[in-house]
């Protein structure tokens, strides 16, 4: 990879010193990494300060790191925490930049082809570019990523070749600079100066780098010499001072040199000939005509413009790979001695394994029916075995490690059970199923009187809805967290729970990882003896742990018998509780309540996806999949209907129901046109 310019050490900022199990965990993790151990697991309970431990390990070893989280919300939470620990270093955020993404798809049963449709979040795109730049330029880099890290990214070799190096005193013609900027996909805009654009005023060129959000660079030429390079604020124009050199990175990760594009076109033509022969031989004349027309159009676009819609489907040729080779990803930008930390590994690891299979089945249909060449199958996320080969030294972090992590780590499972705050794991009670609803009503009233909160987890959506109605009818302030709610609204519901807008939150499988609410003093698990995924040992420990941040934490398991999963979960929780009690007695610690600011949670949610907050819809019941709409009477009604339709479209796209998503998209177009016409 490129030569590292910045070798600044990591400087950890914190008001706290490691305590409890943290010092021995930090020492052991660091020692294992120094000894070259490939896999180890940090078994850290809720509230034990796992992130602080990891931050100390990174600072102690002074090595770049990537933190993988299972979703955008937890990635944003980790990013915020790491940013606070390392304000002087490069802490970056790398998640999917799509607010909405509907991939190209074909439904043979109805002969429906759905074009790719996407909405890109400009802020997250800038953060992704900043992440790769930091990995290439700086040693003091921490990148917090979601599973987007295993998806194809532009080839780092092409990316590095395309950079524009500027140096004070260098001899370069103005036209050369402008031509190079155009190659990097920057556009000239002398009126609106924004990310990824440049403007020219006489012999002064201003460039707003694609990876920057608050700094632009000014090139002052004298004849054909760069007389001065300086940085300035693109909003106010105030100068940050002169710099001796500056590197302009491409506007996108997918930029490709002209020679590589021309080589790719020749290879695409050869594959097209082979594919046409196959379809003719199989008497599939419609597919033959379809692949010819679509591919020829793409070739012409690439020849003229250097890119085409869906250019990622030709990534095999553009990155110079052979058939079946893994795509370039964020891992290719990482320094070779980086550390990989997989947070909530019991969820994240299976996610990584499942990404390839889902993507493959959709693409195979496109190839079979002549919409794409077979080489499109190489535009894919990493296979799990490829991820294993590319992953550097790894730390798995979880309160309930999965079988994969335990097998890989062997004996290197580092316990972090003791909390510095002295807080104990919840007391567990088992009560009969026959009284669960009325007993829960009584418990909820007691907690509401003390200004405490309750989480309730059920087995089915129907039961969650019925229970919500029942509690509501009996005067309990209750909300239902369902699968139709997007990431940001989910965070806002949790915020409302913390603020006391309501007292009881009912859910199914949403009340587990990363839901840290200090105000929750009771977790109620209904039908705890129904063995299965939602009532496995791991699920039960995670759910019980939601009450571990409160001084009066309690978990009630409603069950008529004790399953093996329940027995293991209760034994493990009691083991942790006893260890904490012993530690508290030995060190004279009195458990202290957590005073986490409510605002922090909301900021985290908005950081994950700012645009989606417009989709806020506060109904307590699950959203209906389809709805009939009366003609809107005013602008406000139009906006409400548009938001409702957008939510449904996002949901269908997320569930891979592309046909339904496309139908709603068309409905949205009509509604917007009608809105413009009426107004």
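Using the three backbone atoms N, Cα and C, a Cβ is placed for every residue, glycine included.
The ATP binding site annotation in Swiss-Prot covers 44, 45, 46, 47, 48, 49, 50, 51. The secondary structure of residue 46 (ATP binding site), as reduced to three states from DSSP, is coil rather than helix or strand.
Marked as domain 'Helicase ATP-binding' by Swiss-Prot on the basis of sequence analysis: 31-414.
Taken from Swiss-Prot, the feature domain 'Helicase C-terminal' covers 436-589, and the record attributes it to sequence analysis.
According to Swiss-Prot, the domain 'UVR' annotation covers 639-674, on the basis of sequence analysis.
The average pLDDT computed over the motif 'Beta-hairpin' (97-120) stands at 84. Look at Swiss-Prot and you will find 97-120 tagged as motif 'Beta-hairpin'.
Cβ contacts within 10 Å of residue 51 (ATP binding site), excluding its own Cβ and spanning all protein chains shown: 19. Long-range neighbours of the motif 'Beta-hairpin' (97-120) within the same chain, counting only residues 6 or more positions beyond its ends whose Cβ lies under 8 Å from a Cβ of the stretch, are 128, 309-310, 362, 365-366, 369, 371-372, 609, 611-612, 646, 649-650, 653, 658-659, 661-662, 665. One way to see the shell of the ATP site is to take the Cβ centroid of 44, 45, 46, 47, 48, 49, 50, 51; the remaining same-chain residues with a Cβ within 8 Å of it are 53, 399, 416, 419.
When other Cβ atoms within 10 Å of the Cβ of residue 47 (ATP binding site) are tallied across all protein chains shown, the result is 20.
Each residue in the motif 'Beta-hairpin' (97-120) gets a DSSP state, and the totals come to 3 helix, 15 strand, 6 coil.
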